[in-house]
Every structure is written in C-alpha cells, then in structure tokens.
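What Swiss-Prot says about this one:
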ACT_SITE  248  active site
ACT_SITE  282  active site
BINDING   225, 226, 227, 228, 229, 230  NAD(+) binding site
C-alpha cells in the first residue's frame, strides 16, 4: 500500500516522500501509528539547497529577531507539552511520567541555550593601544542534525535550538523509529514563524541519512546515536577539515560501589543508573562493580529484590510503571541474544532478562555476573536493561577494569568516603563523573559528552554553543594611522 502522507518538510512546504513506504509502531502494543514514504535523494538535495538559500538572510537578521522565533517555539512547546509527551510515549513506549519530563526539558532548553550563547559565543571587546580587539562568532552555515530514538524530542532539540540561535540553517533527519515525534516538533517550528528553508525535515532510513551526510553543501553534522554509526560518519568526514562534526555516542559505563552505609539508597541509585528508560539512555550503567564481601552480598541481595519488584507496564497506565517498553521487539530480542552470548562465555545469571510479550518491546531487567570471564567480555554497549556485575576485592583493580573500555561517557562512585571519590575521580576516564548520584543524571547547564568511542570532544548541552559557531578574532581602529614608533628599517 502506498502512503502519500506529507511527512517531509522542505522549504516551508509539507510534501510526501518520493522513496519507499515506511511506518512507525507503538512498541508496547504493536500498533502502527505513523505511515509515510522516505525522502528520495532528490528531496534531500532540495532540502539542503533550500537551507543554503535561506542561510544568508537568517544569519544576517538581528540576534533579537532569531531569539524571538526561538522564544515563540518555547511558548508553543509549553502550550502543547502534554500532547507532545503523549506522542513521545506512544512512539517510544516510555512511561508518560518520563516523557512529560522530556517535553518539559525541551521548553527549558531555550533559556539555557540563550544563556550558553551569550556566555560562550557572544561578543567580547578588549582595549589595546590605538585600537580595539574583538572576539565575535559566526554560524557555520547549513548543518545536518541526526536525532536518536531514546529521547526523540529533547536530544535533537539540544542541537536545533543552539544552531538556530547562532544563525545556522538546518536539515533534520530523525530516527526512522520516531518519525511522528519529529513531525510534531517541526509543526511547532513552522507555527513559530521560521522563514522558509531555515529548518527542513527529511524522514527516512539509512539511504536518506547517507544522502544527507554525504552532501557536499552541508557545512557540518551534529549526531546523537550509536557508536557504530558515529564511527562511520567520522570516517566519511575524514579529509574534510572545513566541516564541523559533533558526535555524541554511547558508553559502556561503569558504576562502582564501595564502603556505603545506606544500602537502600545505594540500590536506588543503581536501579536509576541501570534500568531507567528501560536501560535506553546512553549514560546508563552497563557495568556494576560491587565488593566481594559481606556488605557487597547484602547490597546485591537487596538489588535483586528491588529489581524483581520494579513495575513494568504501558506508558498510559493509570498507576505509572517504572519501566515501559523498549523501542522495538527487535531491540528487546537483541538484549536476550546478548545475555545468551555472555552465558555461553561462562557468565552466571543473577537475574534473567526476559522478553515478556511476543510482538512488543517489553523485557524484564537483567543482572549477569561476569566476574569469572572478564578477559573474554566484548567491549560493547548493550542498549537496554541488562547490567554486567563485577565482584571485586581491590579498589584500584576495579578502577583499572572500569577504565578497560574504548568508551568514556559516564562513570560513578557510590561511597561514603570523599577520599575514595577523589581517588576515583583522578583515575577514571569519562566525560561525566558522578559521586553518590545516578550516572544517568546530567544537567543541561553543564557540558554533556564523552571521550574515546563515546564522542569526538564536541560536548553538547551547555557546550553545544561551541560547535554551532566559529570564533572570529578582530583588531579594529576607526581610521588608518601611522604608529608612533616605526618598525626598524622603515622610513616615511
């Protein structure tokens, strides 16, 4: 069946895709909620050209005029927050309590981005003899933005808002798993009064993404997603130093527990680190280090008890669940497969991760002890509620193993000892390091990013302003004049 729904937004016009049929389903109930056609290569080209045509006028209007449009978008977000939260929940399977928070974070992002623009990329003036020195910033031009499915509103919004404030124009390619959320977002930008071509939406799968990423007329690409895709983009951009590439990828994140008095508080933070958003946050704890002693045994026993009792359910249940569905049945089965492979290597199941309902993304959280097979464990991000358990005797060796990864996004220590945290902080390699807080907790008022396979030193959140504009250094005087002292060897 062919779907001529106008799901592409190019040069201010909604139009049907010219590619093949695609659809999006609610992963909790296996119901189709969106249908359309992918953007063709020609449509991607049209989107880039329209962004290129719109760039000069958008970049050259006053900052106040750009801010007015972005502020109007924030107002529309606030007015439509509940509807957007429902759409996010419907398409991702996340509980409504969580998607309401995501929609709220999208509203707050505008004020934070304005503050970041002024603090990090505003204009700085310094006096110097006979002149003034200025630091100003200019937008890059046309930027491609690739969004993920786990936070399909908040994370691309974290690229889009600062990029527009800086004066860039955009071609946005959302995850093919969350096209409906992207479409609702773009309708709000349209209502906010963005000029035609300033933001464009191209819906599609891998082919659409390749056509956009490889387009010669884009000046940069901002990506949030898997490490595998990020590495492909990095290779594709090699030899193009004139293009800005900002990558925010995943992590194989360690959470270490040492010498704690409040076991319930520790278990709470472990659960929030490993299983919130059904384990589908890039900052989720993938590796849990617990001491091999009596206290460690007590912590593990309580963790198993609490995890078994976590409520799993539909996003719209009146009594809201802790965990909803994963993004798809395919994603759920990939976690079941990952668990099976670890068991085949010799790991021991502490709590089985189970696929709960055929045709859906529902799984139960799992804990698997890998203490005896450390040398054989693949350095992979299992993007879901499956945490690998390491029992340890030596704190420094635990930190060594925590660092034994090519990733470097988030890490944390749960400990009553500040000295232990200071030691941990000094040695651990990650872009986000927390003490006695879940490692999934991050602030939009701080940078967000990792090292190694987790990113390319282009931190987002508050530091997104840095990759949305480039600095211009100027020395300026009102008229040309001879210096008081001539350079040796010159005569006038």
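Cβ atoms are placed via backbone N, Cα and C, with glycine included.
Sequence features, as recorded in Swiss-Prot, placed on the structure.
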| residue | record | Cβ contacts under 8 Å, 6 or more apart |
| --- | --- | --- |
| 225 | NAD(+) binding site | 146, 147, 148, 175, 248, 249 |
| 226 | NAD(+) binding site | 249, 250, 381, 383 |
| 227 | NAD(+) binding site | 249, 250, 381, 407, 453, 454 |
| 228 | NAD(+) binding site | none |
| 229 | NAD(+) binding site | 146, 223 |
| 230 | NAD(+) binding site | 223, 247, 249, 455, 456 |
| 282 | active site | 150, 224, 248, 249, 250, 251, 381, 409, 454 |
Inset, instruction - Determine which residues of the same chain, besides 225, 226, 227, 228, 229, 230, have their CB within 8 A of the center of the CB atoms at the recorded NAD(+) site, and list them by sequence. - result: 223, 231, 232, 233, 249, 250
